[in-house]
Each structure stands twice: as structure tokens, then as C-alpha cells.
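Novice: Pasting a structure below so you can have a look.
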Amino acid sequence: MYPRENPIDANEEHRVDINGAEEQQRHGAEEGQSQGQGEGQDHGAGEGQGQGAEEEHGQEEGQGAEEGQRQSQGQGAGESQGEEQGQGQEQERVYTNLVDSRDQHYFDICVPLYEASLTGDWDAAKALLVPRPELVTYAIDLDYNTPLHIAAYAQETKETKYFVDELLKLMTPQQLELKNKFLSTAFCLAAGSGNIGMVKSMVSKNKDVVKILGYRGESPLYKSASQGRYETLKYLYKRFPNLDYGDFQRDDEKKVCLLKQCVEYGFFDVALEIVTNHPQLAKEGSVLGVLAKKTDAFKRDCTRCCDNDDDDAWRLLKVIWRDHIMRMTTPELMKILQGPSRILFGATEMGNTFFVMELIRAYPGLIWFKNKDNRTIFHVAAMHRHLGIFNILYEIGTRKNTIITCKDVNGNNMLHLIGMTSKKMRHETSGATLLMQRELLWFKEVEEMMLASHRESKNNNGETPYEIFSEQNKDVISQGVKWIRDCMVIATIIVTVAFAVAFTVPGGYNQESGGTSKVAGGHNQEAGIPIFVREHDFLVFVIANAISLSSASTSLLMFLSLLTSRHGQRDFIYSLPKKLMIGLIALFISVAAMMVTFSASFFMLYNKRLKWVPITIAVLASIPVLTFSVFQFQLLWDMICSMFCSRYLFNPKKHMLYKRKQSRF
């Protein structure tokens, strides 16, 4: 059903068969577009379906508007009378178009009513709607939106919610089924916008609006799911969990799309309810493929994941995989795994460790499964540097030797793949030095796992693993050297400043001619001593300056040592990161101490009066230190973790796939 008042063209009048609106709703947008041609199709294609609409042309603009207004009022009375009698007799009504005409009716009605609907100004809308209640069915913009449509896609506030509640009091339940140009009801727009309060109000007025399809045949339930509106989705599904209306009733494809949207947005509790109520949907591999990419949903301690069923994502995975997929025959299972969704390898590429482990627990043979490039999940995990999946290799015993030596279609074994640069590692690792260290740790670990005869094997291009590694990472070394030089320049500047400050103290020194206390020989005992030597702030000044000078010197020496080293690839594992960490920490301490020195000098000069000056200076001086701390903390933390935790990066003793029972012996 379309807006009964469709004010679009000033020179046209539309005759609308109200009883034919429900027929139009069932047939959808395709039929409506095939029946109307010309100008009438643009503004009344949907109305023309099954309604036998006639168009009258050639009328004068003023006469058409005046006559249409009189007929519109007559229409409202006829509709009211027809509803009271409960008869299904066919009635024809003529409505006036206001939008495209840009006449006084447009500026007096459409513009203020549109603004009031969008902002929730009920007082302004009430002044227009109470004298003319038929305006609730008027299309007040070019998309055929009624005031209820406009309010439905506005952000829900107390004002807009109150506006909708009051507007619904002026409307009949049937009028909630009016559609705009894109075949969407106001309820569908409210569901897609997540306006849960408006949705509840409309459902209480007419519960059938839930079943009316909108744009592209989308139901309000699917609309709320596709837009990520959790509250609206959950409310609508609880009201109609059977999905026995519209396209949901015809086939399961729409139900699968709804389920996939729920998984995509992380609404696992709703997805679990859908699978429970409609178990046939669990056999769709595409749903499991979407779940395989939800890495964040499974980032938990895997030692607890098997025993804790409170997590909806885990419960959904177990219901789909163990209760349905695993009951299929082997050919059917292989078809799902090799299908477009690429469940197993998709999860591996995303680093969904616990998802992959759950599949392997239920079907251990998946560790031998290969993709089109003849690579196992461990080869893919090594390429993308997913440590959790790679560590599963240590739990399969000596069979890992067969897997790591397996070659892909290009003749690359696992060590060749490790030698190739990982984009993931480049984005996640701080600094070129740490990146090189992490890449070397991976290369060294896989190299130790392989037999000596396979370490120098060549691929189809005649390249060894080490040649690939050196070629792929040569730019990383040059970036690291440049980074060290930049840090060394900063340390040099701080050393220069701290050294100069040590001999240029605030207030200067006592002069020989200015003293009053003299000894034999006529010399002043305090000559050459700083004037503020007895001030407590002077002691802070001296100590802070000494710390700044020594720390900056240490940092400079560390960076100089890094710059003059041979920068061998093996040095990046422990030696270079350790020196870099010491240099950066010393540089940070020197900057902080230099700011303390700067602040202490002002406290000495303005200690007697204008005390707010040194306090203000001290606050301002702390800003660079805090800024440096905030922006460099992650780098320093990564370096500390790299130094002390890198040796535990690969942990053969940690059993993640299967729990080891305590030995009796």
C-alpha cells in the first residue's frame, strides 16, 4: 500500500483503488514497475498495480489542485464510512500532489511537516495535523515518505518517540502499511534504524507490519540484522520465532541469509536460537564459513573452552559442527570444507586458533587436509605468522616432520614460506629492529625443525629458503639503521645542552670584589661559588642535570655502538634489540631529567615572589615528558617483551589441542 495522498505533480490527479493495495503488496515492486509508463509510472507505479488507476491530463494547474483538495477531503470521509460498515466495496479517491509543484501548499505543509517529523516537534506537527488529519497519509517528500516514515528513520529520542506515539493515535492500523517509493513501510525503516521504542509502538498498533516486505523483498527482521541493530533484531525474533511469513516461508535461503547476518555482527545468542528452532540451517557450510572469520569471538583460554558452554559463540560452533556437520558423510564434509566458504583455511588465514582446534578435535584428519596450492593449515599459519595454530604442530608427534617438508605447487617447503615477508607482521610489529628479530625467530625455529637436507632445498625458481629470506628483508635492515641514526642525533643534542647547563647555573657566581668576608691576603672565601648554592632547588637542579647528562651520554654510546656494528641478521635476535632498548630508556630518562632541570632553575629565580611563574613553567615542562611517554610506551613495552619473552615464543610443552592427564609414574 502506498501513501494515499501522493503529492508529487501539480498538474496530475491520481485515482487510487484502496482495496487493490493488499494485492500490490503481495506481488511486490517488479509487477508495479511493469504496469506504469511515463509520468504516471514515476509517481504511481506501485499504486497502479491491481487498482485500475486512471490519469486525467490537460487540466489547469489551479483547477486540478483545487478540485483534488475537495476530492481528497471526500475520500477521507468515504474511507471512514467504509471502515464503519465493514464492507469491502471498491472505492476511488483522488489526491492532490504538492511536492513538485513548489506552490504555497508545499511551503505551508510539506516543509514544516517534514522538519517537525525529523526533529520530533509534535507541537508544530499538531498544528497541521489536527485541522487536517488526512495529512498523516500524505507523501511529503520526493521519496513518497509520509510523516511516519520521516520520523521512523530519525534518531530515536524522547521527542521523536513521543512524536511517533502521538502520530499513531491519528492513524488507523491499515495506514501503517503505507509504503514509500522504495517499497518500505515506516516500520521497516524504524527496524533498520534500530529505533526499538518506535518498533514496539508500531507493533502494538498493527502486528502485521512485521510481515510486510520492504526494499528488495527484505523483511524488517532481516533489515535490523543487516544493519546490526541487536535490540530490534532480538525483539522481533522473540515475537515471531517461527519465520513463517514472506520469503522465510517459501524457502530456507532467506533464513540462511538472516543467520549469516547474525553471525557477521556477533549476535551469537540470536543465531543460536535460530539454529535451535530451525536445525536444517546448521548444515549450510556458508554459515560456518562466516563463523570461521570471527576471530575475536574465540579469543579465550582454550583450556576452559571445552568445559564452559556459557559462551554463545562456542555453543553455536559446537551445535553446527559436532551435531550437524560431523554427521554428514565424508564426501559431503569434504564438499563443505572445499566449498566457496573455505572454512578450514579461511579460519587459518584469519588466525582463528580456537576455531581451528575445535574442528581438529572433532575431525583429527584435518591436519593432513591441503588446499589448492598443496599447503596444509600449518603452511598457511606459518605464512601469516599465526603462532597459535603453528604451535599445534608440537602436539602431533613425529608426524610434524612429514608436514614441514611437504612442498606446495611452487616447490616451496615451509622454510621457503617463512622466508617470505608477512604483511601481518609488518603492520603489527613496532620498528624495523623488532620486525627483523621476530622474522629471524620464526626462520630459526622452522630451520631447527627441518632435516639438514631440506634446509638448502631449492624451489621451482631455484631459490633456497635463506636466499628468499635475505631478499625479502634487506630493506628492513636499512630502515633499522636509519632509525638508529635519528635517535642518535637526539641524544647528541641533549648531551650538548646538559653539558652547557652544568657550567651556566641560574643567578651566576659570586664575584671576588663583591664579598665582605675576607681572610688574610684579601681574598673572598665565596668567590666563584654559585649564588643559589644554599637553596634546596639548586641541589635538585644539579642532580637532575647530572642525570640528564649521564643518561644522554649512555644513550649516545648505545646508538653509536649499534651504528658501528656489522648488522648481521643473527645480531638482530638478541644483541641489537637489547642495545636499542637500553638506548631508548636512557634517552627517555635524559629528556625527563632535562625538564626537571629546566623547572628547578625557575624555582630558584622566582622563589621569593611570583611563585605562580615557576609552577606554571613546571607544568608546561611536564607536557613533553608525558607526550613522549604516551607515544613511546608501546614501543618500549614491545622491546621489553621481545627481550624477555621471545625465548618462549614457540612453546612445545604447552598442550593446547589435547589436555594431558597427570602421569601415574
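Yeah, the Cβs are placed from backbone N, Cα and C, and that goes for glycine too.
According to TrEMBL, the feature compositional bias 'Basic and acidic residues' maps to 11-30. Annotated compositional bias 'Low complexity' per TrEMBL: 70-89, in sequence order. Annotation comment: TrEMBL describes 485-604 as domain 'PGG'. As annotated by TrEMBL, region 'Disordered' applies to 1-91. TrEMBL lists 487-509, 538-563, 584-606, 612-637 with the feature transmembrane segment.
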Novice: Calculate the per-residue pLDDT averaged over the domain 'PGG' (485-604) and state the result as an integer.
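Specialist: Per the prediction, mean pLDDT sits at 77 for the domain 'PGG' (485-604).
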Novice: In the same chain, which residue numbers or ranges, 6 or more beyond the ends of the transmembrane segment (487-509), come under 8 angstroms Cβ to Cβ?
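Specialist: Here the qualifying positions are 527-532, 538, 541, 545-546, 548-549, 552-553, 555-556, 559-560, 563, 583-584, 586-587, 590-591, 594, 597, 601, 604-605.
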Novice: In terms of Cβ proximity under 8 Å, which residues at least six beyond the ends of the transmembrane segment (584-606) contact it?
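Specialist: Residues packing against the transmembrane segment (584-606) from afar: 487, 490-491, 494, 497-498, 501, 506-507, 532, 535, 537-538, 540-541, 544-545, 547-549, 551-552, 554-555, 558, 613-614, 617-618, 621-622, 624-625, 628-629, 632, 635-636, 639.
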